[in-house]
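Feature annotations, courtesy of Swiss-Prot:
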DISULFID  46-60  disulfide bond
DISULFID  50-62  disulfide bond
DISULFID  55-68  disulfide bond
SIGNAL    1-23  signal peptide
């Protein structure tokens, strides 16, 4: 029984370590600084136009018209 408990502990510890490593990788995004300082009114292009006043890409808005842009401060764009 002690051997099983040790193996279970090691398995759990390895899963926790993988979670910690993946969260560190996310925080080291080289584009994060660029995305955070983008002007919300003049963000990155979403690749579509909004002649009808609507953008179909998630996280994009029709500002400035007629180009859909993504707000660099929205969590969806990060």
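Note: Cβ is positioned from N, Cα and C throughout, glycine not excepted.
Within 10 Å of the Cβ of residue 55 (disulfide bond) there are 19 other Cβ atoms, across all protein chains. Rounded to a whole number, the distance between the Cα atoms of residue 46 (disulfide bond) and residue 55 (disulfide bond) is 9 Å. Taking CA atoms as the reference points, residue 68 (disulfide bond) and residue 62 (disulfide bond) are 5 Å apart. Residue 60 (disulfide bond) sits 10 Å from residue 50 (disulfide bond), counting Cα to Cα.
Sequence-distant neighbours of residue 50 (disulfide bond) (same chain, 6+ residues apart, CB-CB distance under 8 A): 62, 65, 66, 67, 68. Its Cβ placed at the centre, residue 46 (disulfide bond) has 20 other Cβ atoms within 10 Å.
In the three-state DSSP classification, residue 50 (disulfide bond) falls within coil. According to its DSSP assignment, residue 62 (disulfide bond) is coil. Ranking the disulfide-bonded residues 60, 68 by the number of CB atoms within 10 A of their own CB puts 60 at the top.
In the three-state DSSP classification, residue 68 (disulfide bond) falls within a strand.
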